[in-house]
Each structure stands twice: as C-alpha cells, then as structure tokens.
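Here is the structure we will look at, set down as structure tokens.
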Amino acid sequence: MVWINMEDILKWAVISFCILTARGYKSGAPDFVCTTMMPGHGGSQATSNSQNPYTISPSKTQTENGKVRVMVTSPSGETFAGFFLQARSASTGNSAIGMFTEIPDNVKTVNCGEATNNGVTQKDNVQKKGVELEWEAPANFEGPINFVGTVVKSYTTFYVGMKSSEVQVVKRDVGPGTSGISTTVEPKAGSSGELQQALADIYAGCGMNKNCLGSPEGCVDSRSCKAVLSVSVLENIYVVDMMANNSKYVAVGFSSDNRMGGDTVAECVHEDNNDGNGVKVYRSWNVPNAKQNSRSEEQNGVSLVKGIYSDGSIYCRINHDSKIQVDTFDFDLDKKKYFTLLAAGSALKANSVGFHDVAFTSSTDQRLMSDFKPLTANDPFYNDCNTLKNCFGYPDGCVSKQTCTAIVSISVSANRYTFEMKAKTDGYVAVGLSDDQSMGGDSVVECVHDANSPSNSVRAYMSWNEPGSKSNVRKRQLGINLLNGTYVDGILYCRFTRDPRTIVEDVTFDLVNDQYHILLAAGSSVRADGVGFHNQLYTASGQKRPLTDVGAFTAASKILLRLHGAFMIAAWIGTASLGIVLARYYKQTWVGSTCCGKDLWFVWHRFFMVLTWVLTVVAFVLIFVEIGDWVSKNSQTHAILGCITTALCFIQPFMAAFRPHPNTSKRPLFNWAHWLVGNSAHIVAIVTIFFAVQLNKAELPDWMDWILVGFVAFYVIMHLVLSCSGCVSENKGSSRITSFPMKDMNTRGSLNMDRKQDAPHAGFRKCMLTIHVLGIVALTVVLILLVVLAPIDQNWSEVKDAIMSV
C-alpha cells in the first residue's frame with residue numbers, strides 16, 4: 001500500500017507552478033503583455049530607467065511616405081537578450097498603432113489587439129548589440145508618435161517603459177482610384193481541402209511546364225511559400241495561379257525591371273463588402289515613381305476562372321491575354337521579356353490594395369513567360385544596390401543578376417557607416433579597406449560563424465592584414481558594432497556599423513575623407529585567434545574611391561591572369577604537343593619537300609617550339625606583373641613548378657643554337673640533352689596546369705581535371721600508335737630506316753644514308769597527324785575558353801543567352 005501525503009502533493013504543486021511562471025519567454029514577448037510590456041520573469045522587478053544603457057532611436061523626426069526606421073541599441077556597446085517594441089500615439093499612448101514592415105531575421109512581429117504586425121520582439125535569447133526596424137504609420141493617421149518598448153538584458157535585469165523621441169507622422173494622400181469592372185466567383189464554404197489541392201497543383205510542374213515564383217526565397221523547392229504563383233501557357237492564353245496565406249489579396253505583375261513602377265498588374269482580392277463575399281480579379285497599373293496601383297477603367301485582358309477564400313488564405317486562377325495595353329505602354333508576353341512580380345497583403349484600400357505586408361518579391365531575370373525554367377526570387381539584400389548604397393560582390397557582375405557567392409554593401413547616413421555582408425560559406429566572410437588591390441596593410445572586419453557555440457552564433461572582429469605576411473591579426477575590438485548576424489541554410493550574414501575614423505597599427509582609416517579599394521574574401525577555416533586562408537574566394541575592386549560615392553564597384557581586371565593561363569595552355573597543351581610529335585615521328589615523311597632549304601618536319605617543329613618559347617616567356621612575365629610578389633603558400637606548388645617549366649623552356653633554343661655538327665662525336669650528347677630537357681619541360685608543364693585548377697584565383701571548375709586527363713590519354717595513345725607504326729615501317733623498308741629521332745644519336749653510316757623517299761606507311765602517318773592536330777587544337781580551344789571565361793558556370797550562361805537573343 002502506497003500512502004500519498006497531501007502536504008507533499010501541495011508542496012510539489014507550488015514548486016511546479018513557480019517554475020512554470022518563472023521561465024520567461026526566450027522566443028519573445030507574448031501578445032497578452034501588449035499593454036503592460038512587462039516580462040513574465042517570475043516576479044522580478046523592472047530596473048530603474050535612470051541606469052538604462054539602452055536607447056530607442058528613430059532615424060528621423062518626421063515620417064517619409066508614412067515610414068521611419070528605428071533602432072534599439074546601446075551607445076556604450078551593451079548587449080541585450082530580448083526586447084518588445086511598439087509605436088503609440090504621443091497624445092493617447094494607450095495602444096499600438098501602425099505596423100512594422102521590415103525586420104531582421106532574428107525578430108518576429110506580434111499582433112496586439114485586432115491589428116497585425118504592430119509589435120515586434122525577439123525570436124531567441126541570443127545576445128544582440130542592436131536591431132534596426134522599419135515602421136509604417138496607418139494610412140489616415142496624422143500626428144506625433146513615440147516608440148515605446150522594453151529591453152531585457154538578463155533574466156533579472158530589464159527596463160520597462162522606455163520611450164523614444166517624438167516622430168511627427170505626416171498624413172499621406174490616398175488616391176481615389178476607379179471601381180472598374182470585374183468577374184466574381186463565389187467562394188465555397190468549407191473549401192480548405194480544395195485550397196490545399198489548388199496549392200499542390202501550383203507547385204506541380206514548376207520549372208518544367210510552368211514558371212513559378214514564391215516568397216520567402218527558396219520556398220518553391222520546399223513547397224513552404226507564404227505566397228506563390230505559377231504561369232503556364234494554354235494556346236495563346238497565359239494561365240496564372242496565385243495563392244497567399246493570411247491575405248486579402250495576392251497580385252502578379254509583369255515589369256521591365258525588378259522594382260515596382262510602370263507595371264501591368266492583375267489583383268486577386270477578397271472584398272468583405274462584396275455581395276456574396278466573393279473573390280474578384282482586377283487589372284491595374286502600377287504608377288511609375290509612385291509605388292501605388294491604379295485600377296484600369298477597362299478590365300479587358302484578364303478574367304477569373306476560379307477563386308477560393310478559406311481560413312484567411314486566398315487563391316485564384318486567371319486567364320491573362322498575351323497582349324495588353326496600359327496607359328501608353330504595350331505589354332506583349334509572347335515576344336518581350338519581363339520580370340515577374342509577386343505581392344500579397346492583409347489589407348485593402350478603397351478601390352485598391354493595401355501594402356504588401358505578407359509578401360513581395362520579384363524574379364532576378366527577365367524572360368519570356370513561355371521560357372519554363374525555375375524563377376529565382378528577388379533577394380532584399382540587393383535592394384538599392386549602387387543607387388542608395390555601394391555593393392561589391394563575387395564573381396564580377398553578380399550584383400545586377402543577384403547571383404553573388406559573396407557580397408558586401410556599404411550605406412552611409414550622416415556619419416554612420418553601415419556594412420552588410422553575405423556569403424555562401426560556413427566559415428567566415430571578410431571585408432577589407434585597402435590603398436591598393438593587394439592584401440597587406442589593410443583594415444579588415446571579419447564576420448565569423450562560430451559553429452561550436454551552443455547558439456550557432458555569428459561574431460564580428462576587427463583585424464589587421466599584416467604587410468608582407470598577408471595574414472590577419474585581430475586587434476582591439478573598437479570602432480565596430482555588430483547589429484545582426486545569422487547563419488541559415490549555409491548562408492552567413494552579418495550587419496554592423498563602423499566608426500568613420502579608426503586607427504589600426506598607427507594607420508588612420510578615415511572613411512569620410514579618404515578613398516579605398518574594397519577587398520572581399522571568404523573561407524572555411526576558422527581558428528581560435530583568427531581566420532584561415534580565403535580558400536573559397538578573394539576579389540578586389542578595380543576602383544579606389546570614397547565610400548560615400550555611390551556607384552557600381554567592379555572587380556579589378558583579371559586580364560593579365562587570364563592571358564597567363566591562356567598562353568601557358570596554348571604553349572604546352574597546343575604547340576609543344578604538336579612540335580614534339582613532328583620531330584619524333586615525321587623525319588621520314590615528306591622527304592624531298594623543303595622550305596627555305598630545310599625539311600618540312602624541321603620547319604614546322606622549329607615554328608611550334610619557337611611559339612612555345614615565346615608564349616611561355618610572355619606568360620611568365622605577365623603573372624609576375626599581375627601578382628607583383630611571390631605567392632602565398634597555398635599557391636606555391638603551382639608557382640614553383642611553373643618556374644621550373646619556364647627555366648627548362650628558356651634554355652632550349654640556346655642549346656639548339658650551339659648544337660654540334662651531325663657528324664661530330666658530341667652530337668649524340670646534344671641529342672640526349674635536347675630530348676631530356678624538352679620532354680621534362682613538357683611533363684612538368686602539364687603537372688603545373690593540373691595544380692592551377694585548384695587555385696581560387698583561377699576560378700576554374702573541378703571537372704577541368706577530367707579534360708586534362710583526357711588530353712594525357714589522347715597524347716599517350718598517339719605516341720603508342722605512331723611508335724608501333726614506326727616499328728612496322730622500319731621492318732618493311734628495304735634498308736633499316738627509322739623514324740625515331742633518338743636513332744640519329746648513332747653516327748653509323750648505314751643510318752645516315754641519303755633518303756630519297758618516304759618511309760613505308762607515310763599515308764597512315766599523315767592520317768594520324770591530321771587526327772593529332774585536330775584533337776590537340778580542339779582540347780586547347782576548350783581549355784583556353786575555360787580559362788578566359790572563368791568562372792565558366794556563370795559566364796557561359798550569359799554567352800548562351802546572348803546567342804539565343806540574337
């Protein structure tokens with residue numbers, strides 16, 4: 001028999017209750033504290049605001065277009081674990097108003113009362129140095145507001161009732177619009193199952209027989225979009241399926257760029273005041289420079305096929321004509337390429353749609369709507385690049401196409417320099433400010449992913465790139481302030497501010513008055529005291545200018561590097577491979593045919609080998625002009641082998657110039673030395689090219705190794721076939737005549753007799769030479785294209801698209 005003590009039960013119940021009520025909310029403030037903004041930290045009392053190290057700082061004293069940015073941070077550099085923020089009217093101050101429209105990845109919105117997104121809080125309790133947000137006022141609101149909030153430093157230390165300085169909200173004008181004509185489809189009661197089926201139909205065939213675009217980025221592949229659309233073609237009609245969660249509307253636009261303005265739009269809306277509570281479609285025009293929709297009086301060109309509104313989600317299928325005229329613009333989906341825009345929002349305006357607070361994205365490329373391949377969603381990181389902020393990315397030209405492997409942006413507001421970096425890496429990404437395009441003597445900020453930390457955190461460090469050693473040394477962490485850092489799905493991101501003037505190793509970096517090259521690097525190796533070699537990418541801007549001078553930074557020219565690689569491949573894959581084979585196997589071919597008194601084989605051999613010498617020496621000089629110094633240890637194997645190749649190649653013509661007469665006793669010694677040096681140079685050169693494929697600076701694809709393996713196999717097979725042919729030819733000859741040049745080392749008279757005719761099987765050898773020349777030329781051209789067009793994966797797509805557009 002087990003006796004239960006009621007006193008013990010009561011004791012454990014009280015303890016359990018205390019634990020549950022004292023746990024706090026590491027994933028942010030719940031909506032039931034919208035009014036008090038008091039954390040549920042087990043009875044802990046708020047800390048006095050007189051000791052508050054944190055501030056809530058609006059960027060302006062007056063809204064612009066109804067919006068203003070606000071920061072929660074600490075001037076003294078204190079970090080915080082959590083926060084809760086609202087905007088409230090300065091006159092009433094009782095409830096949250098407006099909505100937060102732009103937030104970092106580690107922040108989420110809170111719905112206070114019946115409104116949406118009018119509060120913001122943290123997603124986790126990772127320590128933060130600051131957060132920056134964008135707030136939008138209600139459409140008809142006018143007057144002063146304050147941002148009111150709570151900042152949590154730790155479980156027992158938090159500050160409640162913080163208030164920003166006043167911001168004057170200027171009332172915005174809302175155009176009346178036109179009512180238009182539309183097609184209405186009655187929604188079906190209990191149609192959530194049908195909605196799920198419609199959603200599955202949207203995803204089916206994406207990239208194969210339809211174009212698809214979704215938000216957030218990458219959601220189409222995972223079928224997890226908040227909003228998604230597909231475009232397919234049925235005869236001369238374009239069928240558009242659209243769906244959005246928690247939305248009153250979802251819309252598709254076709255645009256000449258990836259921004260709003262001057263676009264034809266089809267809106268799928270659910271209007272509460274409509275008879276029958278129906279789903280409707282409107283054709284509208286996105287007014288240039290105004291970012292607002294005006295519905296067309298004539299609603300021809302679009303028609304609603306099917307509409308569903310269920311559990312706050314909206315879906316519609318529309319037929320869209322291929323040709324539509326809006327204002328003075330003609331849209332032709334059959335013949336013209338367009339960006340695809342997708343927007344969804346939770347509110348409607350009179351005769352229009354509200355702000356796209358649920359989703360807004362655009363494709364990254366223009367295309368015909370009948371060109372079915374996966375659409376890539378617009379990345380907000382690239383917004384305002386090279387118009388309001390400087391952007392520099394890798395590979396060169398990736399910013400406009402939003403395809404950067406790594407990118408840095410720099411925006412300037414007053415004396416505040418804000419840097420953002422993003423890279424496909426699990427190690428680090430770093431930006432440097434330099435007087436030149438080379439590493440050494442540079443101020444660097446490293447954004448580092450700490451994979452070993454419990455929170456998988458991202459940290460920022462100030463470092464100094466030492467002259468000569470090209471290695472980073474971390475210095476006193478002054479002058480930078482990390483605002484946000486994330487590592488999600490293989491993408492490392494950080495946002496930080498940097499003081500306008502910093503001193504590193506007695507060198508002053510004055511961002512206001514001085515000009516700099518931008519260095520960008522990323523690597524997978526991270527040490528406890530710094531970062532490793534940039535084994536993933538490194539690039540430098542070709543321009544040196546003030547960071548306040550907004551414009552497109554482009555990568556430094558790599559023409560010398562590309563020419564070096566092209567010349568070396570042309571020399572050792574191409575001309576050397578042809579010249580060696582001619583000298584070894586074709587002395588007894590074209591006998592009696594001469595050029596300038598010399599046998600044809602010798603003329604062509606000398607031509608190809610002189611060309612090899614010239615290309616090698618020029619390439620050697622070019623790479624030293626490009627690098628300007630000896631390379632780092634990661635590239636030394638290639639560099640050392642390249643120097644050996646150049647040295648062996650360089651002495652060859654001088655050896656030939658001083659060769660002994662054929663009938664002297666020292667001629668065999670020359671022949672052996674000439675053969676050994678030439679073949680050694682050829683072998684070392686091929687090995688050197690293999691090592692070049694591994695260099696980050698070369699930007700060559702890994703599969704280039706297989707082309708080089710193919711070259712080696714082809715070259716060896718040709719030697720074997722021609723060697724066997726020479727043996728057969730020698731055995732068939734009336735006298736023992738060989739086609740092997742090494743036999744000439746023997747000065748016996750029987751082997752040096754005058755030869756009046758070609759050795760047997762000359763036709764076969766000529767045929768094999770044709771195959772050899774064609775094979776070597778083809779391989780050489782392919783390898784040179786890989787070098788010149790590097791990185792080939794990106795540039796080949798551009799070349800192909802350019803050809804297709806002709």
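Using the three backbone atoms N, Cα and C, a Cβ is placed for every residue, glycine included.
As recorded in TrEMBL:
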type     : residues : note
SIGNAL   : 1-24     : signal peptide
DOMAIN   : 19-187   : domain 'Reelin'
REGION   : 42-62    : region 'Disordered'
COMPBIAS : 44-62    : compositional bias 'Polar residues'
DOMAIN   : 220-345  : domain 'DOMON'
DOMAIN   : 404-523  : domain 'DOMON'
DOMAIN   : 527-728  : domain 'Cytochrome b561'
TRANSMEM : 566-586  : transmembrane segment
TRANSMEM : 607-627  : transmembrane segment
TRANSMEM : 639-658  : transmembrane segment
TRANSMEM : 670-694  : transmembrane segment
TRANSMEM : 706-728  : transmembrane segment
TRANSMEM : 769-792  : transmembrane segment
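Look at the domain 'DOMON' (404-523): DSSP puts its residues at 0 helix, 76 strand, 44 coil.
When pLDDT is averaged over the domain 'Reelin' (19-187), the result is 78. In the domain 'DOMON' (220-345), helix, strand and coil residues by DSSP number 3 helix, 76 strand, 47 coil.
When each of 639-658, 670-694, 769-792 is scored by its Cβ pairs under 8 Å to the transmembrane segment (706-728), the top-ranked stretch turns out to be 769-792. Below 8 angstroms of C-beta separation, residues 395, 562, 565-566, 569-570, 573-574, 577-578, 581-582, 586, 698-701, 704, 707-708, 710-711, 714-715, 718, 799 of the same chain, each at least six residues beyond the ends of the transmembrane segment (769-792), sit close to that stretch.
Panel annotation: around the transmembrane segment (566-586), residues 601-602, 604-609, 611-612, 615-616, 618-619, 622, 642, 645, 678-679, 681-682, 685-686, 688-689, 711, 715, 718-719, 722-723, 725-726, 739-741, 765, 769, 772-773, 776-777, 779-780, 783-784, 787-788 of the same chain, lying at least six beyond its termini, place a Cβ under 8 Å from a Cβ of the stretch.
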